[in-house]
Amino acid sequence: MGWLPLLLLLVQCSRALGQRSPLNDFQLFRGTELRNLLHTAVPGPWQEDVADAEECARRCGPLLDCRAFHYNMSSHGCQLLPWTQHSLHTQLYHSSLCHLFQKKDYVRTCIMDNGVSYRGTVARTAGGLPCQAWSRRFPNDHKYTPTPKNGLEENFCRNPDGDPRGPWCYTTNRSVRFQSCGIKTCREAVCVLCNGEDYRGEVDVTESGRECQRWDLQHPHSHPFQPEKFLDKDLKDNYCRNPDGSERPWCYTTDPNVEREFCDLPSCGPNLPPTVKGSKSQRRNKGKALNCFRGKGEDYRGTTNTTSAGVPCQRWDAQSPHQHRFVPEKYACKDLRENFCRNPDGSEAPWCFTSRPGLRMAFCHQIPRCTEELVPEGCYHGSGEQYRGSVSKTRKGVQCQHWSSETPHKPQFTPTSAPQAGLEANFCRNPDGDSHGPWCYTLDPDILFDYCALQRCDDDQPPSILDPPDQVVFEKCGKRVDKSNKLRVVGGHPGNSPWTVSLRNRQGQHFCGGSLVKEQWVLTARQCIWSCHEPLTGYEVWLGTINQNPQPGEANLQRVPVAKAVCGPAGSQLVLLKLERPVILNHHVALICLPPEQYVVPPGTKCEIAGWGESIGTSNNTVLHVASMNVISNQECNTKYRGHIQESEICTQGLVVPVGACEGDYGGPLACYTHDCWVLQGLIIPNRVCARPRWPAIFTRVSVFVDWINKVMQLE
């Protein structure tokens, strides 16, 4: 080999080694501080103005008397620690300023390779014998002298001679000189169940032996799986995980030339150990749903085999028209039978590859969600203002807060402020005349209020919605700058709808639309949101752009995280999303007006829908499209739908050409021009077929639920 190829090889190797982060040797405990309770134990001084946590790790790593460090996120300070959480007299505390990093060798409960680097605190052999202290020569004499470098502390199991069986110790039994401690390798310690989505082991190398890249770093490979966005995926340190529903756990590697690889982990097999039998995967698969789906639909096992746009699904065991990795044999526990809608990768809802070459995959949003509501425990008349029963739990089973209590929520309505409302104990009541029935504040700190486990009495018919009011005045909403009068989604054209938002999942992908009804509130469809109770960490709304995939740094783009979701009244199919901060209103981002309560849009009114959804080949769906539609009466709509259209729904005229809402548009607005303003009269929900010619499109009528919308925005 000549000197030039050798030089190039050395440069390449040095680059590969240079991509390894010193943080790879540490376990991270976010928002945690480690204190030693002894006054005589003093940590190292704070070293301020450190570049980042990697610099702290670089300082701590080679020091034998540094086993952990604090990193102050605010001051970028670093404090080296001579102890870990397993040291005597130490205790972990929550911290709003610090992250704790501890050397893996000191806190791992398993060993890598033969455990020469193991520095844990196991002090008993596999046979149950206590270990002899390394500093003692009785009852068993030996040649080892404890030093800071060899780590022969106390009577902890160690492997100073590289025994292939792993750490061992001399015993306190004269007849048994030494014995293995039986500490499992990290590979053996935890097996993989199903495809390993719930794997939480501590293996940090791939099957080829490459070291894994930390999930919280973006070098050498940038990626979307940021731990703070994927809290449920346990993306700790650089351990093998499966956040995207791959065939088995994997990781990004520290080799710049190899982005990601699978990890070599044992399968649990058919005879599951007791510790695995209660895993999340198996609990999630109990009571598989056939006619509806829960959460994200990972347990859905029904036979729906078309998308919400009516496109037939491709068989999972076929690779045409679309090639894919979800081969049924490799995903045995995902039930990838025939061409049924499934969710093998933890997407937002059940989906499938489609039989249309130009459309790779689509959701099956037409599958209903399983009801989460309790069987009603009583009934009420009218709107329930006179209800004086003793039901004291919400429709989801959450206990009500006492009306006189201020914990966990400070109530607007109390026995003192509303003496005629019967606000006794924590019984469900309706002090504000809510048209959707009795409600209560809840004992859940994250749920301010909800409607109760009650239903309208059978002999009580709800009043019909009112006629349109004579005078309607709107201010500071529903205004836009139209560059063209030709604003005409399927069959639509690129248009301007500054209140239409794009909902983005944790990987930044568009999956639904929504409408900006207040600076910090977005209205969307229940079918788009997988949970109204669990945090939607990592989900965002994007505003101010007509591009589905805007370029980084696009001037008018606003990206705002979703703080929480509030589910609408029963049958509404609505969800309000509260944003972490208010958006900035301008020509590109505007509020849409809400209609008056119970407002009925006159037949013939021209409205428009907007979205980035599937256009079934009629146009380019990478930009926002707007399509015009005329409202028809519910009576006319029911002639097509055989009387199934309710007053809480609104219809638009079916056209000969396919114009309507499709995959990706759901949750977006049906906006009608009323009194010189654009008003949110309807919300796009999944229909039986996408943009079916000559069939009316159905929307949720927003005016029926506008009192709930205003109530949530006021109370929250």
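Using N, Cα and C of the backbone, Cβ positions are placed for all residues, glycine too.
Computed from a predicted structure; not experimentally measured.
Sequence-distant neighbours of Cys56 (disulfide bond) (same chain, six or more apart, CB under 8 Å from its CB) are Gln47, Val50, Phe69, Tyr71, Cys78, Leu80, Phe101, listed in sequence order. If you look up Swiss-Prot, you'll see Cys56-Cys78 (among others) marked as disulfide bond, on the strength of similarity to another entry.
Taken from Swiss-Prot, the feature disulfide bond covers Cys60-Cys66 (among others). Taking all protein chains in view, 24 other C-beta atoms sit within 10 angstroms of the C-beta of Cys60 (disulfide bond). DSSP assigns Cys60 (disulfide bond) to a helix.
As annotated by Swiss-Prot, disulfide bond applies to Cys131-Cys169 (among others). When other Cβ atoms within 10 Å of the Cβ of Cys131 (disulfide bond) are tallied across all protein chains shown, the result is 23.
Annotation comment: Swiss-Prot describes Cys157-Cys181 (among others) as disulfide bond. Reduced to three states, the DSSP call for Cys157 (disulfide bond) is coil. Other Cβ atoms within 10 Å of the Cβ of Cys157 (disulfide bond) number 24 in total over all chains.
The disulfide bond annotation in Swiss-Prot covers Cys240-Cys263 (among others), and the record cites similarity to another entry as its basis. Cys240 (disulfide bond) has a Cβ environment of 27 other Cβ atoms inside 10 Å.
According to Swiss-Prot, the feature disulfide bond maps to Cys313-Cys352 (among others), an assignment based on similarity to another entry. Cβ neighbour count for Cys313 (disulfide bond) (all protein chains, 10 Å cutoff from its Cβ): 22.
Neighbours of Cys341 (disulfide bond), defined as other CB atoms within 10 A of its CB across all chains, total 25. For Cys341-Cys364 (among others), the entry in Swiss-Prot reads disulfide bond.
A C-beta separation below 8 Å, combined with a sequence spacing of at least six in one chain, links Cys379 (disulfide bond) to Leu454, Gln455, Arg456, Cys457, Asp458, Asp460. Feature annotation from Swiss-Prot assigns disulfide bond to Cys379-Cys457 (among others); the stated evidence is similarity to another entry.
What Swiss-Prot lists as disulfide bond is Cys428-Cys452 (among others), and the listing cites similarity to another entry. Taking a C-beta cut-off of under 8 Å and a sequence gap of six or more, Cys428 (disulfide bond) has these contacts in its own chain: Tyr387, Gly389, Val391, Ser392, Cys400, Pro438, Trp439, Cys440, Cys452, Ala453, Leu454. According to DSSP, Cys428 (disulfide bond) is assigned to coil rather than to any helix or strand.
Its own atom aside, the Cβ of Cys672 (disulfide bond) has 26 Cβ atoms within 10 angstroms in the protein chains shown. Annotation comment: Swiss-Prot describes Cys607-Cys672 (among others) as disulfide bond.
In the three-state DSSP assignment, the secondary structure recorded for Cys637 (disulfide bond) is helix. Within 10 Å of the Cβ of Cys637 (disulfide bond) there are 24 other Cβ atoms, across all protein chains. Look at Swiss-Prot and you will find Cys637-Cys651 (among others) tagged as disulfide bond, backed by similarity to another entry.
As annotated by Swiss-Prot, disulfide bond applies to Cys662-Cys690 (among others).
Residues or ranges marked as domain 'Kringle 2' by Swiss-Prot: 191-268.
Under the heading domain 'Kringle 4', Swiss-Prot lists 379-457. Model confidence over the domain 'Kringle 4' (379-457) is summarised by a mean pLDDT of 95.
Residues or ranges marked as domain 'Peptidase S1' by Swiss-Prot on the basis of sequence analysis: 489-714.
Taken from Swiss-Prot, the feature signal peptide covers 1-18.
The most densely surrounded of the disulfide-bonded residues Cys452, Cys457, judged by C-beta neighbours within 10 angstroms, is Cys452. The shortest Cα-Cα distance between Cys607 (disulfide bond) and any of the disulfide-bonded residues Cys60, Cys157, Cys181, Cys240, Cys313 is the one to Cys313. In the set Cys66, Cys131, Cys169, Cys240, none of the disulfide-bonded residues has a C-alpha within 10 Å of the C-alpha of Cys352 (disulfide bond). DSSP assigns Cys66 (disulfide bond) to coil in the three-state reduction, placing it in neither a helix nor a strand. Rounded to a whole value, the Cα-Cα separation of Cys181 (disulfide bond) and Cys169 (disulfide bond) is 7 Å. Counting Cβ atoms from all protein chains shown, Cys78 (disulfide bond) has 25 others lying within 10 Å of its own Cβ.
When the Cα atoms are compared, Cys66 (disulfide bond) and Cys240 (disulfide bond) turn out to be 26 Å apart.
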